[in-house]
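The feature N-linked glycosylation site is assigned by Swiss-Prot to N121, N134, N146, N180, N224, N233, N254, N318, N340, N341, N381, N597 (among others). Per Swiss-Prot, the feature region 'V2' maps to 147-188; the stated evidence is sequence analysis. Taken from Swiss-Prot, the feature region 'Fusion peptide' applies to 482-503. Sequence annotations record features per position, and here Swiss-Prot assigns region 'MPER' to 634-655.
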Amino acid sequence: MGMQSGWPFFCLLISLTIGSDPHWVTVYYGVPVWRDAETVLFCASDAKAHSTEAHNIWATQACVPTDPNPQEVLLTNVTEYFNMWENKMAEQMQEDIISLWEQSLKPCVKLTPLCVTMLCNNSNGNSAGNSTTNRTEDLEDRQMKNCSFNITTEIRDRKKQVYSLFYVEDVVPIKDGTDNNTYRLINCNTTAVTQACPKTTFEPIPIHYCAPPGFAIMKCNEGNFSGNGSCTNVSTVQCTHGIKPVISTQLILNGSLDTDDIVIRHHGGNLLVQWNETVSINCTRPGNNTGGQVQIGPAMTFYNIEKIVGDVRQAYCNVSEEWGSMWNKTKKKIKRLLGNNTTFKAQDKNGGDLEVTHLMFNCXGEFFYCNTSRLFNESENKTNKTIILPCRIKQIVBLWTRVXKGIYAPPIRGNLSCXSSITGLILEHSGENGNKTVYPSGGNMVNLWRQELYKYKVVSIEPIGVAPGKAKRRTVSREKRAAFGLGALFLGFLGAAGSTMGAASITLTVQARTLLSGIVQQQNNLLRAIEAQQHLLQLSIWGIKQLRAKVLAIERYLRDQQILSLWGCSGKTICYTTVPWNDTWSSNTSYDTIWXNLTWQQWDRKVRNYSGVIFDLIEQAQEQQNTNEKALLELDQWASLWNWFDITKWLWYIKIAIMVVAGIIGIRIISAIITIIARVRQGYSPLSLQTLIPTAARGPDRPEETEEGVGGQDRGRSVRLVSGFLALIWEDLRNLLIFLYHRLADSLLIIRRTLEILGQSLSRGLQLLNELRIRLWGIIAYWGKELKDSAISLLNTTAIVVAEGTDRFIELAQRIGRGILHIPRRIRQGLERALL
């Protein structure tokens, strides 16, 4: 009764045990997971080292060649967050461009010797004719100062007087109360000025920012993307598009365009406007500056302006008529963002640096400062006509790269002109809500790079992932480590990013091979580029960056492999562990939901906070397994006693036996020598070579007696008394051999007795096994007969029941059939009876 009452509880326990289905932590290598990262990027360009064009020089020293086959992989079902205002790529590009400018100025001459007193007069140049046209009649005069000053010659104690033309913005009067014509250069009390080398050019060339191996660049392909928020159209690339590092304020020149519409990116008081169409701007400096050279010291040459041929007023820029429509569209967009009461105005020219109050850019080596009031003032009618911007030219320029650093741009001979495209604006706004004032701005060059890099961000590939699995690590045996082969391209590793975890885990081996092969491929490309330009990369900031990028990926890969090795997962794409999975790590998400609905990226975000805990538990479990394996291996040595009788170990046993016998013989020889020496020292001589000396009988536990007359004699034995050294040695060797013979005989008897006992035990064991076999066979035969009889009885009973049922069914069918057949007869009989 008690057994029957316990059955329900037992069944319930079994059902609970089966239904619990515990999960274990499983390690996956090669999962498509990435995280936001900051790393050292390097640049690539299409510059040619053999080209004689000056603007290729710095690109060949700075960048590696571009990839002729750039790869871009579209990530389906992936949503990624971008924030252009916190994008470290823009800050890194800022530092890199600064380094490039400073590097290009390193060998150039410092102009400290020019910080002297100058006597200056106004100079309007030598007019070569009336070249003023109607379109330039309202341009500003470009006033010049003709200054003379004393400089030190190549011989230090001698001086000479020279003269040079300076723009009025580059000199300031010295107010010492003596003479109103004394001037100095504007930089002398604030800025260290370097003269640009004669061959230095600031013409930009497109550069591509590239991620090192082990990293990737995410790209947002959505139109009208604000640069801050989620993007659903995401792809991964290795390098950005070609970015021209054009330095300018107020207007963005030669940048990228949006594919759909005008986009305004707003952050704080900054407004970055990106157009979808370009507006051309053509700038000109007519006339001919005649340049001269003045030696200001040993190997130091100052390139000055000797005279100007032509009209000094003709420095200007022409903005095409498309400006009006694009500016009107931009204003509507800004009013929609800030409010309808927003007003627009140009920069105040009364205060501030020229770089902020004017449009500053470099045109063919000269620095232009253009008045943009005609572009931004609402009073100006800008519809369907070309706008002329008056420009100034400065030779002493405050560099945007560092505070208190400047550059002297040597004069450029001949006519200067350059054509650019306006692709956006840099604006600021101020005022209270509803009454905003928008005006052009500049000076913070990082905004230029943000405008180009808004759709990019750098991520690091994290190929190691953990997830719950139903399998548990069972054994501690060593497995052969698998080696990964080389596969496809690196970016294909993220191709399964939008797939669910179950679908992506099927291709883990391919993804792991892709990861390694991509690293190897990128390392080879980078090494080839560096080897091709190693003579140019010396002492270059970019050379250091490229070498760092070269080492970084291998370090990351080795780190991942070391982690897998510590977990006992080296060389495996799927590795099972003995760590139970805690449902709280995954917020109690069901197993089927994890593997069928989540991508690896979504799963990583869910368990990221617990990754450290899980990794520690896996490492502890592996350490415990190593301890268990060591103990098992030590125990396994005692479990293999039969290996002691392996034929390969017999020589070792024979060697040990020979050493033991040699040791015993050596000890006996030493004992014999000591005995001989003792006898010789006693000084006796035996009477004969052999004398019979009776010995007393000894009991089993009595010491041997040698004197006569002590007790009775059982038997006599002869003791050999010899003389001579060789005879004594022979006697001792004979006794030793007899001793060894007796010991070996005893050992053989013991071994024979042991073998007899083992044989008897083995025979007895075989008899027991035979009896057990007979009993088992009898039991099997008995139960087989019983099962056979039961089966026969069951078949007989079934046959009888079926036969009886069949007979009854047949009889019933016959009765029904006869009844149906008798119906006409019964009808006829009824009719006959009715008629009678």
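The backbone N, Cα and C atoms fix where each Cβ goes, glycine too.
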Item to complete: Kindly state the mean pLDDT of the region 'V2' (147-188) in the predicted structure.
Response: 74
Worksheet item: Considering the glycosylation sites N233, N341, which residue's Cβ sits among the greatest number of other Cβ atoms within 10 Å?
Response: N233
Practice prompt. Work through the glycosylation sites one by one (N254, N340) and point out the residue whose CB has the fewest other CB atoms within 10 angstroms.
Written response: N340
Discussion item. Going by DSSP, is N318 (N-linked glycosylation site) sitting in a helix, a strand, or coil?
Written reply: strand
Worksheet, complete the sentence: Out of the glycosylation sites N121, N146, N597, the residue with the smallest number of other Cβ atoms within 10 Å is N121
Practice prompt. Specify the nearest of the glycosylation sites N121, N146, N180 to N254 (N-linked glycosylation site), where nearness means the distance between Cα atoms.
Written response: N146
Response to the item:
Residues near N180 (N-linked glycosylation site) by Cβ (under 8 Å) yet at least 6 apart in sequence within the same chain, in sequence order, are P173
Worksheet item: By CA distance, which of the glycosylation sites (N224, N233, N318, N597) lies nearest to N121 (N-linked glycosylation site)?
Response: N318
Worksheet entry | Rounded Cα-Cα span from N224 (N-linked glycosylation site) to N341 (N-linked glycosylation site), Å | 24
Item to complete: Please classify the secondary structure at N340 (N-linked glycosylation site) using three-state DSSP.
Response: coil
Worksheet entry | Between N146 (N-linked glycosylation site) and N233 (N-linked glycosylation site), the C-alpha gap once rounded to whole angstrom | 61
Worksheet item: CA-CA, which of the glycosylation sites N224, N233, N318 lies nearest N597 (N-linked glycosylation site)?
Response: N233
Response to the item:
Check: min Cα-Cα distance from N233 (N-linked glycosylation site) over glycosylation sites N224, N318, N340 goes to N224
Worksheet item: Should N597 (N-linked glycosylation site) be counted as helix, strand, or coil on the basis of DSSP?
Response: helix
Worksheet entry | Residues near N224 (N-linked glycosylation site) in space but at least six apart in sequence (CB under 8 A) | D258, D260, D261, V263
Response to the item:
The rounded CA-CA distance in Å from N318 (N-linked glycosylation site) to N340 (N-linked glycosylation site) is 31
Discussion item. For N224 (N-linked glycosylation site), which of the three DSSP-derived states applies: helix, strand, or coil?
Written reply: coil
